[in-house]
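K.L.:
I have a structure here, written as structure tokens, and I will follow up with some questions on it.
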Amino acid sequence: MAAPWLQRWRGAYAGPSGPLRLVRLHGVQRSSWRAAHAAAGAFGAGPHPGPPQRAANPGPGPHPPPVATSREKHARIVQGRPDQPAEPKVLRISIIGAPNSGKSTLSNQLLGRKVFPVSKKVHTTRCKARGVITHEDTQLIILDTPGLTSPMKAKRHKLEAAMLTDPWDSMKHADLVLVLVDVSDHWTRNSLSLEVLKCLSQFPHIPSVLVLNKVDLLKKKIILLGLINELTEGIVNGKKLKVRSEFEYNSSSPAKTVLKVTQTPPPENRARESPCQLETDKAQEGSSLDNSSDVKASESSLDTEAREQKPYKYGDQKNRKGWPHFQDIFMLAALNGEEVDTLKQYLLMQAKPGPWEFHSRVLTSQSPHEICDNIIREKILEYLPLEVPYGVTQVTELWEEGPSGELIIVQNLVVPRKSHKLMLIGRRGALISRIAQEAGQDLMNIFLCDIRLKLKVEVKS
């Protein structure tokens with residue numbers, strides 16, 4: 001049962017659709033679809049369209065389609081005429097953020113299948129690619145792009161010119177932009193990067209949503225209050241955020257942190273006051289307070305009130321940390337897919353009437369050869385140290401269907417030095433075998449067929 005103060009708060013801000021819903025990001029008893037919907041922690045996401053149909057893949061709808069193994073067949077499907085429904089809807093989504101913030105991981109989770117490379121090293125994504133989600137009459141087109149970086153960093157890492165221009169090009173075609181911030185990175189989480197701010201200020205007319213990633217890795221959830229205030233400049237959906245905090249500690253409370261978020265009214269009611277609240281129940285292990293100290297619940301809240309916004313001038317980014325024009329905020333956990341389900345539902349609701357770009361059988365615009373190269377390079381980036389993986393050149397020698405329907409792939413990995421070759425092969429061939437095994441498994445999950453992958457290593461002559 002909710003605390004008396006919370007009951008009063010919810011009653012005071014009850015809208016036409018009833019009291020505002022309480023969201024628990026962790027520790028929630030998911031006895032209803034409303035609780036599952038609430039888990040993403042969206043500010044102002046509006047009403048949920050209904051209980052999501054659970055499947056093996058994240059989000060609604062059937063399993064995502066496989067990618068054709070033949071380059072020609074895949075090209076025919078991608079370039080073919082879309083099977084338009086009677087009233088099609090579409091939404092083009094650009095996901096931007098600093099390098100290694102989790103953009104490709106989020107794209108894969110939304111798609112329900114891993115088609116984009118993911119690595120702990122920066123600049124894993126080298127060029128823009130599109131992922132396609134088709135659900136009933138709605139098509140979401142995800143524009144997965146390289147992390148926004150500066151020309152100086154691009155020169156230092158010897159990056160292709162496309163890695164500088166692709167994120168900006170994707171914004172030109174986007175209907176909505178997701179700005180991803182890794183809140184577990186204490187070096188970068190307190191402000192949006194200069195490149196992200198430049199990109200947002202260049203396209204201020206495109207609706208933007210702030211996505212805080214890996215919130216489950218924060219030991220102190222109260223940090224989120226300060227981060228939200230910094231990254232939004234205290235404004236969400238045109239409303240000023242007021243933060244009020246009272247912290248008292250209870251030695252008998254559970255030794256875990258629970259974040260609860262109250263959702264704003266649906267979009268059609270946003271003309272009225274639309275409060276959103278964060279309540280943090282926090283028990284601090286190893287606290288300097290004596291264990292016999294009095295116990296009370298901790299509470300924090302974010303209220304909103306209308307205010308006139310100052311225009312955001314292009315060129316002011318150096319003096320700013322955040323973006324005051326986000327229309328919503330989502331919080332995602334690193335290891336939980338339910339929050340991604342809710343984000344996908346939100347994106348489906350944002351789609352507008354318009355023709356589809358792709359046939360419903362399309363999962364990605366990447367060719368099967370590009371997917372293969374990216375998956376193998378992901379493993380190379382993961383297992384080789386420092387700059388070594390960036391010097392590997394991939395050459396596919398064989399790509400054919402075997403007698404039993406399996407896909408046979410032979411790829412040559414060319415390295416600049418003999419020492420790099422020894423590193424890549426590993427002791428008694430252990431590392432190259434591991435890379436081939438893991439990459440082969442990922443390719444099987446993408447193409448939905450047996451894969452025989454052979455990797456060879458040679459020194460560049």
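Cβ from N, Cα, C; glycine included.
Pulled these from Swiss-Prot:
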REGION    144-147  region 'G3'
REGION    213-216  region 'G4'
COMPBIAS  269-284  compositional bias 'Basic and acidic residues'
COMPBIAS  285-303  compositional bias 'Polar residues'
COMPBIAS  304-319  compositional bias 'Basic and acidic residues'
DOMAIN    380-461  domain 'KH type-2'
K.L.:
Over the region 'G3' (144-147), what does the predicted model average in pLDDT?
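P.N.:
Result for the region 'G3' (144-147): average pLDDT 64.
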K.L.:
Provide the three-state DSSP residue tally for the domain 'KH type-2' (380-461): helix first, then strand, then coil.
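P.N.:
Going by DSSP assignments, the domain 'KH type-2' (380-461) contains 37 helix, 27 strand, 18 coil.
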K.L.:
In the region 'G4' (213-216), how many residues does DSSP put in helix, strand and coil?
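P.N.:
Helix (H, G, I), strand (E, B), coil: 2 helix, 1 strand, 1 coil.
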